[in-house]
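Colleague: Can you keep this structure in mind? I'll have questions shortly.
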Amino acid sequence: MANITIETLTKRFDDVVAVDDVNVDIEDGEFIVLVGPSGCGKTTTLRMIAGLETPSEGQIQFDGDLMNYRTPQNRDVAMVFQDYALYPHMTVRGNMKFGLEEEPDFTDEERKQRVEEVAELLDISELLDRRPEELSGGQQQRVALGRAIVRDPEVFLMDEPLSNLDAKLRAQMRTELQQLQEQLDVTTVYVTHDQTEAMTMSDRMVVMNDGVLQQVGEPLELYHEPTNMFVAQFIGEPSMNFLDGSYEDEAFVSEQLAYPFDDRITDGLSAVSDNDRLVLGIRPEDIELHDPDGEPQGETSHENHTAAMSVTVVEPMGNENVIHLTFPDSSSGTEDLIAIADGMRRIDADSDIHVHIPPEAVHVFDAETGDALYNRRLEHEGNVIQI
Amino acid sequence: MATHEATGESVADSVGWRTKFRYVLNGDFVRSLPFWGIPFVIMGIAVYGGIGYNIAISLTDTAGIGPVDWSSLDLEMYSQALAEPAVHRAAMNTFVLLVAFTAICLVLGLFLAVLLDRQFRFKQQTQMIYLLPMSLSFVVTAKLWVWMYDAEVGVINVVLGLFGISPINFLGNPSFSLAAIIFALIWQFSGYTMIVYLAGLQSIPESQFEAAQIDGASTIRIYLRVIIPQLKAASVSAAVVLMVFALKTFTFLYALTGGYTPPKGTDILATLMMREAFNNVQWAYGAAIATMLLIMALGVISPYLYYQHRQGSL
């Protein structure tokens, strides 16, 4: 149990900067997830915390103690590897006991007892005398976890531990890991490329791209208030829709769409002048779809933020339908928006539909830097979330 | 009914011997015969026929030039050989050479492989340097080491002389000669062991090493407890090849002296057998020694065959 301070951490491999000036404070007992696409430097960061890589610059501290030059053996961390890295010539018991046997202040009886306790906790007691090759992927995963837990370390490090499991097992292990971490209350740094894992498991998540830290925060904070377009599109499934256009007369104008901003938004865009390039962001789940023949709010007009579009593809998921939409006069023929509709609602491909983009749900980004200029404010909708 | 049976028979009869013969000719057995049959016959006659004939000769009393007398077959030659101190010495030397050469080669090869497995520059080239002696023939190695060991102008004695140590006649002194020969053989073959181990080491994922590091094990402990136990298969296959080479040391000793009489203290069963058979024309006696050598070789190879059998590949 330790807090971890990472300051201006940088790692260069020859000419390649894998991790670039990362600063994070991880609190004692926190479950923090490093997330980003492959090659973003998240694993390198984790390996530097473990001591398997030496930082080129910057500091890593556990409880204020500088760790940079300490070997992995002396850091009191435990790590779960993506391929589990179980020792194939040892039984499960041998694997779990290995780390304890390297610590002199246990008696043999204590080691044995500790292994059995942890095996009990993870429900792998009956596997103790088998070899890793005789276990299924899920069982191997548990053994790898057990090997980490049994040492009772200051910090848990996990490098995509669930990525080799099938989808169902992964979802199950996700909850289990989370409960386990809460129970053990050990500071955990978890690396994944899967935003669902990051969202569901983490106390706070760290989004990285190209070695650069993009944003640190609680999952919902990142979801609702992304600092830039990268975070906005990385968090959430399907990704946020982006429309390219420019700022004209307090409105967003693109080839197909003119979208007037209300006061709340224009207040936030004080630094933006006319004709500046903007990107309008809207999450698929916030788009409202109306029947053109239906209710009055189905009217298409700029004032009520509704446009006529046609449906190109419908992906039924059961609980919801993923609807791909295109503007009718769209020259490119590519889809322009993705929306999510209720699973019980019947929407046909090639039909016309009225699309309402609620102004309280839009995000505005600077087209050049990708930085968020305006994010939705949850307070406006009445359900205040403390972040 | 009777007519039916009769017609049935006539149908069977009507499938003539030509059809049956053609059927046999088209079978897998006959059609694959040229591919395995020829090597099978050559191997059978040259190797197993030779072994059989050798055993048969060893049961007779054949000596000198003349026809083989098959009338009295007994184990007299074996009892004679087992009572002979020269045979004991040669068997002992063969055994020491086999065990010491194999064991030291394995340990040294493992050590070199572990060193090479750590990343460093010019790794590829260094690897070649260790492996090169393996490409030399026994004859070249023997001549090279005769020169190295030379009592007066040999490189080793010259270097020892720099430290004030008086020259040692490595090959002439029976208490050094066997060790000197084992050393030369190790020089030639430790590179091979290294390559086998290196391949084994490289098949162990890096994450195992890292996991053990994080588990708190020191580098030496990681090798002893995690890495080396996983090299069992590599050790077994390297050991078998080394033992086979150890049994072939005859070539090396023959090249060392240009005859069947190796330096004092290094007489092995193979040289003794050749001397008895071809210098002293004691054919039956030589054949008996050869059979004993064969049994020894089988003893060496059988644990490996058993291991392979247990792995399910034999």
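In case you wondered, yes, glycine gets a Cβ from its N, Cα and C as well.
The structure displayed is predicted, hence computed values, not measured ones.
TrEMBL lists B:91-306 with the feature domain 'ABC transmembrane type-1'. The transmembrane segment feature in TrEMBL is assigned to B:33-51, B:95-116, B:128-146, B:153-172, B:178-199, B:233-256, B:283-307.
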Colleague: Quickly jot the same-chain residues contacting the transmembrane segment (B:33-51) by Cβ under 8 Å, restricted to those at least six beyond its ends, or write none.
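Modeller: Sequence-distant neighbours of the transmembrane segment (B:33-51): 294.
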Colleague: Which listed range (B:153-172, B:233-256, B:283-307) shows the maximal number of Cβ pairs under 8 Å with respect to the transmembrane segment (B:128-146)?
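Modeller: Looking only at B:153-172, B:233-256, B:283-307, the most contacts with the transmembrane segment (B:128-146) come from B:233-256.
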Colleague: Pairs of Cβ atoms less than 8 Å apart decide it: which stretch in B:95-116, B:153-172, B:233-256 has the most with the transmembrane segment (B:178-199)?
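Modeller: That would be B:95-116.
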Colleague: For the transmembrane segment (B:95-116), give me same-chain residues lying six or more residues beyond its boundaries with a C-beta closer than 8 angstroms to one of its C-beta atoms, as numbers and ranges.
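Modeller: Residues packing against the transmembrane segment (B:95-116) from afar: 123, 126-127, 130, 178, 181-182, 185-186, 189-198, 200-201, 223, 227-228, 231, 235, 238-239, 242-243, 245-247, 249, 268, 296, 300.
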